[in-house]
Amino acid sequence: MEVFKECTDVQSNRSSYTSDESHDREEISHLQRHGWSAATVKVLASMPSRTAELNKSRRVRYQASSHESPHLSRPVKGASVLAEAEEINTEVRSDLSYSTDSNLCAAENNMDQLVSSLQGLSVSEGTRKLREMPLSLADKIEIRKVAFSLKTESSFIGRNIPCYTHLSMYISMTWRHCLFSCLPVFSSFKLWHSALKTLSGRYGTGVLSYFLFLRTLLFLNLLLFVITGLFLIIPQAINPPPSPKADFSGIELLTGTGYFSDSLMFYGYYSSETLPGDQYRMPAAYFFTIGFTLFIICIILVYRLSKSFGKNFQVLKSNKNLAVKVFSCWDFKVSKKISVRLQSEKISTQLKEQLSEMIKGEDKKTCMQQLHRLIVHLLAWTACLISIFLGTIGVHNLSGKNFNVKTTLNLPKDTELLVLSAVVSGINLLLPGFFNLCVWAEQYESPGTRVYVSVFRNLLLKVSVIGVLCYRWLESIPANGLECWESSVGQELYRLLVMDFIVTVLYTFLGEFLWRVFSQTILQKKRKPVFDIARNVLELIYGQTLTWIGVLFAPLLPGVQLIKLIVLFYMKKRSLILNCQASRKPWRATQMTTLFICILWFPSFLGTVVTIIYTVWTIKPSEKCGPFRNLTTMFEGGQMSTRHLEDAHPILKWLSWVYDCLVENPVFLFLASGVFLMVIYFQAQVVDGQRKIISRLEKQIENEGKDKKFLIAKLQDLCK
Amino acid sequence: MGNKQTIFTDEQLDAYQDCTFFTRKEILRLHGRYHELAPHLVPMDYTNEPDCKIPLALIVNMPELKENPFRNRIVESFSEDGMGNLSFNEFVDMFSVLSEMAPRELKAIYAFKIYDFNVDNYLCKEDLEKTLNKLTKEELTPEEVELVCEKTIEEADLDGDHKLSFADFENMISRAPDFLSTFHIRI
């Protein structure tokens, strides 16, 4: 990159006007130096950094004075300076181009050098260089006339080549034109792109991260649904097993029993009995489909996680972003009034957020105040933990009671089945409200900390609830001797999901609306409440965990979750616009997305995988229903099918041999992970080193500037 | 090839094509746009290079520039007299630099000129304040504007003179990945 050089200049009384044919627009501004003698300036003008650039073709001669002499006080609005400035401005803006005595020859040399630099190149190279010169069009046409006319005199063949270069240039130009006009079309294909732009501009990056997370989950569920649909649902739907159909009554949408219990919805429906013989074995399909989808989701999540982490560890980090934002954020293409207003809002919000990050002033607190705060924190945490514990105990007892009833062959009424899911949803509704109360009492200073603490507390709640439920399902249900325990678990999961959805809808419509009315009329607050990110994100993660666990027991569950997410997006957006407002203290949520994906990965997905592996490995499938009947474990079903496949296709034998040798061999795994760790360490060191080099170079540039000032001052002294 | 147009000579069109990032068709189209800004001022026949300039007030009414907060500065930076009156050459030059084909260095030079409100070849604090007010349409409080200006100069000023010279500006822009796509007007 060419570094643009500056020159100092001479006094204005030595300027002379020339309107020579060199229309090089060397804009020379004559910021007069008060005390500088001509000798000083002459010396400075012939500094190597000035003269070295004369021979390069691509340069601009902005001649301006750069450094204040340290002897002078800073002339801010001195009358003399103003007068000079006005004089300068009129000079600059006149039609004539200026050059000074000492630079007059240089100006002419300038033009000649530009022309000569162009002559040494081929036509296409020369045209490219000509285009990139920062001169006015009239000047460029002049230079071109001179340069290329000389060229064509020397070589006649040279004139014939331009046809070909014109064509190739034309093609590349039209191609680029097409590409740039298609790009905005592509970006608008991204789901909900414009809605998210509006939201982020008005409500900040925290709220935006929630909606982006929702969109990510939507795509994951879509993928899950498509894969299970293709390999499990459609084959089974085409060949339905004979089963007595119960009557359909409305309550079954909530409970999942009755009409739905013997349907595609749940595990019990799937079997290999009705499928055409050896061509499509349901146990194999079931086992491998579930395994494959979980594997793909694992890879996607790890990839997203690593990309998010990567963004946080960039070499040129965000503490230098404010200037860049100010100068390169405004999109000049935007021409509609509404879009322009939206853009202004977006930039204002972003600038405010960055400012808030920079001024994190903490007031000094006295000892008593610190102690007081500590006690308040401790109390709040204890209260939250106790409430979580109580909630978990309640769920534990209730689910025990619920399932024990079934052993007495006295099947509970439909409404009784809903009690557990209602209670769980109730806990999920009330306890986050209680956490919000605690956070309000604790009075955290920055909104970011508040959100992180809430997220953590909500996470603990959800983890304990799901943990207790999983324990119940896997420990006690199979032992109860139910006819089709997997379907029961699937139905339970379905009920939880649907009840959660209904409660969320009611809360969004009524709860948030009522809370806004309450806070504005009774609490007399002028601002609308802030969107509760922690609660909503953890709701999403909770629903997603249930879906993932449920894929094994109810293959259609991702479809239900998909519908739920789509409806949720529009509802939440509506509610946000009606009832909420941006936080008074804007804060930057750069790491929110990373945090959400991290939570999705670590407790949620890994927990699901552990649960599923445990189920598949150890628990005996029920004997009368499902694709794995008459087997000791589901895993055995998988193994059997692999053996069957190997026998059918001997080629696959080597694949299983490779699997046995490599994947199941611990030495290989250790070696591979060792290599990965070393690569990661190496890269981290390289990044660290680059950062250090950059900071040292910046310091060096600063010191050079100081040196220059010092030398100029000394030169001044000597010349006096 | 195609219809004979009489607005420009072939040499003129070649020259335009070589010196800007536009093709012949685009130059003719630009001429059409230039003409419709002031039909009574702009002749249709440019073969003898008439010397006519359209005033600033008419140019900033173009739909591409109308809502741009920097429209006055953009037009002034490309005008030779500094008052915003553009001849056809300057008009083409302006859109050529703002097109998608222009390289980063060229755009940086003109971006610097645009943001330099008092035309002293430095981006001083007043320039930054004006830029910010235009960007945010006065939504930031004066204290916030002051703070942003201070921080910007602190971040970008490398040689320690508390204003941004072109070298500082270019260095800072080199770190902006989307400068090329945002500093672009489509015509």
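Note that Cβ sites are derived from N, Cα and C of the backbone, with glycine treated the same way.
Taken from TrEMBL, the feature compositional bias 'Polar residues' applies to A:9-19.
Taken from TrEMBL, the feature domain 'TMC' applies to A:484-589.
Feature annotation from TrEMBL assigns region 'Disordered' to A:7-26 (among others).
The region 'Disordered' feature in TrEMBL is assigned to A:50-78 (among others).
Positions annotated as transmembrane segment by TrEMBL: A:207-234 (among others).
Non-local neighbours of the transmembrane segment (A:284-303) in the same chain are 220, 223-224, 227-228, 231-232, 235, 270, 548, 551-552, 597, 600-601, 605, 608-609, 612, 616, 627-628, 634-635, 637-638, 641-642, 644-645; each lies 6+ residues outside the stretch with a CB under 8 Å from one of its CB atoms. Residues or ranges marked as transmembrane segment by TrEMBL: A:284-303 (among others).
Under the heading transmembrane segment, TrEMBL lists A:374-397 (among others). Tertiary neighbourhood of the transmembrane segment (A:374-397): same-chain residues 420, 423-424, 427, 431, 434-435, 438-439, 441-443, 457, 460-461, 464-465, 468-469, 472, selected by CB-CB distance under 8 Å and a gap of 6+ residues from either end.
Within the chain, the transmembrane segment (A:417-439) has long-range Cβ neighbours (under 8 A, six or more residues past its boundaries) at 254-255, 257, 380, 383-384, 387-388, 391, 394-395, 398-399, 402, 450, 453-454, 457-458, 461-462, 465, 469, 491-492, 495-496, 498-500, 502-503, 507, 532, 534-535, 538-539, 542. Residues or ranges marked as transmembrane segment in TrEMBL: A:417-439 (among others).
Note on the transmembrane segment (A:494-518): residues 253-256, 260, 265-266, 417-418, 420-422, 424-426, 428-429, 469, 528-529, 539, 542-543, 546-547, 550, 554, 557, 560-561, 564, 567-568, 571-572, 575, 578-580 of its chain, located 6 or more positions outside it, place their CB under 8 angstroms from a CB of the stretch. Summarising the annotation, TrEMBL assigns transmembrane segment to A:494-518 (among others).
Sequence-distant contacts of the transmembrane segment (A:552-571) (same chain, six or more residues past either end, CB-CB distance under 8 Å): 192, 211, 214-215, 217-218, 221-222, 224-225, 228-229, 232-233, 264-267, 270, 290, 486-487, 489-491, 493-494, 497-498, 501, 504-505, 508-509, 540, 543-544, 546, 612, 615-616. Residues or ranges marked as transmembrane segment in TrEMBL: A:552-571 (among others).
Packing against the transmembrane segment (A:592-617) from elsewhere in the chain are residues 205-206, 209, 212-213, 216-217, 287, 290, 294, 297-298, 301-302, 304-305, 308-309, 311-312, 451-452, 455, 459, 463, 466-467, 470, 474, 533, 537, 541, 544-545, 548-549, 552, 633-635, 638: each is 6 or more residues past its ends and has a CB under 8 Å from a CB in it. Residues or ranges marked as transmembrane segment in TrEMBL: A:592-617 (among others).
Positions annotated as transmembrane segment by TrEMBL: A:667-687 (among others).
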- Confidence summary for the domain 'TMC' (A:484-589), mean pLDDT rounded: 86
- Message: For a three-state summary based on DSSP, what are the helix, strand and coil counts in the domain 'TMC' (A:484-589)?
- Response: 81 helix, 2 strand, 23 coil
